[in-house]
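Beneath this line is the structure, given in structure tokens, with notes to follow.
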Amino acid sequence: MDKQLILEDGTVLIGEGFGADVEISGEVVFNTGMTGYQEILSDPSYCGQMVMLTYPLIGNYGINRDDFESLNPAIAALIVREVEHEPSHYREQESLHDLLVAKNIPGIAGIDTRMLTRKIRAHGTVKGYICSLSVQVEDVVKMLQDSPLLTTQVSQVSVNTAYHVPGKGKRVALIDCGMKHGILQSLIERHCDVVVVPYDTTAQEIKRLGVDGVLVSNGPGNPEDVPETIQTVASLIGEVPLFGICLGHQLLALACGATTSKLRFGHRGSNHPVREIETGRIDITAQNHGYTVDLDSIEGTELMLTHEAVNDGTVEGLKHRYADAFSVQYHPEANPGPHDANDLFDRFIGMMHTAKTNVLV
Ligand SMILES: NC(=O)CC[C@H](N)C(=O)O
């Protein structure tokens, strides 16, 4: 069935609907990864966003049971050039269409994704609406222009109650702001004893768990929308080793007095080069973020810049000058993407082994 994708600037793109037959609005963002659509669409950091994939053929290797970054994808919609309805892969269990129907997520194919990506690069991310052809364009454009950005996505995708994943190694509280399973998996592979806690857990509650370290996860939306987590992180600095990933990185920065702002079109893909300032080493990294820590806001805080984006010079890594705390804007767990930065988990484990901090209440 034909569907239309209406943008807030009045652009109308006609395509073929697939997945769930529902109308939805969301911020249109693009991801340039050439593989990994299952991991991308199930990454909770995309909660409420319409994800456009720039790779032109999507769905050809289907969906399998193992590659979900969360079992309930939170994207608003998927926008592609061409969708494959008859996948072929030895691990494939269902088609992309069937998954999106089951999860009530609409898709639209036949879209000129190259043109749309160039438009977003030039003008910034736009809001969009997917609906049937009978819907009046002017009404939708006005609705999109008047609608504010979402602010409650983290509470939608965070776990409701804490749970324990036992291990024989260091005990880590993993603050779930919408974590990708790859982060939990990376800790399990290193034998950590993990307690996954909701985003609004207090520092006191975390310290009562007797943890050796705290990892603050990735997650959707504007980091300023979760003051509870910023407060928790601020209270834990210097008390226990801290590692922040993506949203967790932004929250560490805010907790230390730095500021964040929205990028024009964000970084979303599997091949973003990042430079480590101290060594000059370049890592090719997986990224998915729309906000960034403001470089000039770091001065005057207790943080120092450790990594920068090669493409646009934005902040990619920070460390605390006096406390055991560091963070990166990119995804060391990749999924999908290169494993260049995987050693950051080992650095966190090492930090917990040598930490001078004491968490006992
Ligand atoms: N992947 C993430 O954690 C994204 C962080 C934040 N929501 C951003 O868009 O910048």
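Each residue, glycine too, has its Cβ placed from N, Cα and C.
Going by TrEMBL, these are the annotated features:
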- 1-170: region 'CPSase' (REGION)
- 1-131: domain 'Carbamoyl-phosphate synthase small subunit N-terminal' (DOMAIN)
- Ser45, Gly219, Gly221, Leu247, Gln250, Asn288, Gly290, Tyr291: L-glutamine binding site (BINDING)
- Cys246: active site, nucleophile (ACT_SITE)
- His331: active site (ACT_SITE)
- Glu333: active site (ACT_SITE)
Filtered recorded positions, from Ser45, His331, Glu333, whose Cβ is under 6 Å from an atom of ligand 1: Ser45
Distance from the residue listed as 'active site, nucleophile' back to Asn288 (L-glutamine binding site), taken between C-alpha atoms, in Å: 8
8 Å Cβ shell about Ser45, Gly219, Gly221, Leu247, Gln250, Asn288, Gly290, Tyr291 centroid, L-glutamine site members excluded: Asn218, Pro220, Asn222, Pro223, Cys246, His289
Among the L-glutamine-binding set Ser45, Gly219, Gly221, Leu247, Gln250, Asn288, Gly290, Tyr291, as the record gives it, the longest Cα-Cα distance in Å: 13
Spatially closest candidate among Cys246, His331, Glu333, the listed active-site residues, to Gly221 (L-glutamine binding site) (Cα to Cα): Cys246
Integer Å distance between the CA atoms belonging to Glu333 (active site) and Gln250 (L-glutamine binding site): 17
Candidates Ser45, Gly219, Cys246, Leu247 (recorded positions) - the one closest to His331 (active site) by CA: Cys246
Inter-residue C-alpha distance, Leu247 (L-glutamine binding site) and Glu333 (active site) (nearest angstrom): 14
For Asn288 (L-glutamine binding site): DSSP state (helix, strand, coil): strand
